[in-house]
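K.L.:
Among the features that Swiss-Prot reports, disulfide bond is placed at 6-26, 10-22, with the record citing experimental evidence.
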């Protein structure tokens, strides 16, 4: 599971999150 993939799916998810939030959750 790639971090960038995780961030991508986080960003396009139902809940809008910032890149920073997604990066924090995915690392």
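Cβ from N, Cα, C; glycine included.
Give me the structural setting of these features: burial, nearby parts and distances.
P.N.:
Mapped onto three states, the DSSP output places residue 26 (disulfide bond) in helix. Taking the Cβ of residue 26 (disulfide bond) as centre and 10 Å as the limit, one finds 16 other Cβ atoms among all the protein chains shown.
Proximity of residue 22 (disulfide bond) to non-local residues of its own chain (separation of 6 or more, Cβ distance below 8 Å) is seen for 6, 7, 10, 11, given in sequence order.
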K.L.:
Is it possible to get the count of other C-beta atoms within 10 angstroms of the C-beta of residue 6 (disulfide bond)?
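P.N.:
Step by step: centre on the Cβ of residue 6 (disulfide bond), count other Cβ atoms within 10 Å, giving 15.
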